[in-house]
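Below is one structure, written out as structure tokens; the observations come after it.
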């Protein structure tokens with residue numbers, strides 16, 4: 001389906017929530033290190049409940065490693081940022097697209113964000129003078145909009161519990 005990328009996430013329950021979202025939508029979750037917590041953190045595990053076994057989660061030692069190992073189509077990668085120039089709702093998404101989110105306290109590093117063409121720097125609408133949405137909420141809104149655009153197409157295969 002879609003690829004969710006969290007670059008240097010800091011808050012365990014947010015990542016747990018995104019793991020649960022990935023399991024329920026058929027998305028693959030990519031975690032770009034360093035992480036601000038242990039993958040065994042009880043708060044992260046609690047937020048993800050028993051969905052960890054249903055989600056496909058890959059860890060990457062850095063952004064360059066993700067690009068090298070996964071070889072994504074760069075034209076289908078979207079940076080979600082409050083500095084975005086285009087709304088998620090004005091963008092057409094395709095199965096296999098990549099949604100890249102930054103750390104909770106600082107977003108995407110500017111040097112990474114600037115590698116995305118302006119049309120691939122997306123934002124979620126908010127009221128003026130508001131800083132940002134919670135990371136897991138922003139991921140959920142984006143994934144569900146992309147999935148809606150694709151008629152809630154079910155992925156061909158679902159990861160099975162071990």
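Using N, Cα and C of the backbone, Cβ positions are placed for all residues, glycine too.
These features come from Swiss-Prot:
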type	residues	note
BINDING	80, 102, 124, 132	S-adenosyl-L-methionine binding site
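Feature map: Swiss-Prot annotations on the structure.
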| residue | record | DSSP class |
| --- | --- | --- |
| 80 | S-adenosyl-L-methionine binding site | strand |
| 102 | S-adenosyl-L-methionine binding site | coil |
| 124 | S-adenosyl-L-methionine binding site | coil |
| 132 | S-adenosyl-L-methionine binding site | coil |
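Other Cβ atoms within 10 Å of the Cβ of residue 80 (S-adenosyl-L-methionine binding site) number 26 in total over all chains.
Under 8 Å, Cβ to Cβ, and six or more positions away along its own chain, residue 124 (S-adenosyl-L-methionine binding site) finds 80, 87, 88, 133, 138, 141, 142. Listed in chain order, the extra residues whose Cβ falls within 8 Å of the Cβ center of the S-adenosyl-L-methionine site residues 80, 102, 124, 132 are 81, 82, 84, 101, 107, 123, 133, 135, 138. For the binding-site residues given as 102, 132, the lowest number of other CB atoms within 10 Å of the residue's CB is seen at 132. Largest Cα-to-Cα span within the S-adenosyl-L-methionine-binding set 80, 102, 124, 132: 14 Å.
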